[in-house]
């Protein structure tokens, strides 16, 4: 018989919130389901996501934890995140940014006021216009360019162009010709890596009929990047250089 230790300080919800991976493992191995909900429909998945316990979240997911499990309000763990890296992990594990809760709101809409950076990350993924951030928030993200505030896919372009710029600089330093097969291979690998990282998410978006492709990422631009030619966009990019949570058990 599984002892859930509901009244103690080490139940699976608290262990997940605390990031106590060893305790979580022991409970899971003892037969506690990773998707078990407490009296408020709060699951270990929600707890780990809310408190940013990424190692616990990965483990729970590997043991059958549903990254899109909902609570009584229809909120998934993505609605609970409070930092950008955890939001990215939830998406990596299959979190659905298009899921709407019982009020008809998506995670980006729920997080917009308190966590605009997370909201804009999610909005960028699904092709929504980004929200304006306060001056205080803007100061903490000074490297965000004007195009990235209006183009939902600009962050992907910037990441790719950054890798390309690094490869081209290294090649120039080492005297490698721009038409070198090795340089061509590395550039193509950079493009492939960027595409592969978002392949699963892209299929999810496509299945929902959402068009996230913007004119700024045209075939000509990618072709020129692969061929090792520096576009105007590449040159421009190279110049860029405790909240209330659900109470613990």
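Quick reminder: no glycine exception, Cβ is built from N, Cα and C everywhere.
Keep in mind it's a predicted model, so treat the numbers as computed, not measured.
What TrEMBL records for this protein:
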COMPBIAS  141-155  compositional bias 'Polar residues'
REGION    135-155  region 'Disordered'
REGION    227-249  region 'Disordered'
REPEAT    40-72  repeat 'ANK'
Summarise the model's confidence over the repeat 'ANK' (40-72) as a mean pLDDT value. 97
Tally the residues of the repeat 'ANK' (40-72) by DSSP class, grouping H, G and I as helix, E and B as strand, and everything else as coil. 16 helix, 0 strand, 17 coil
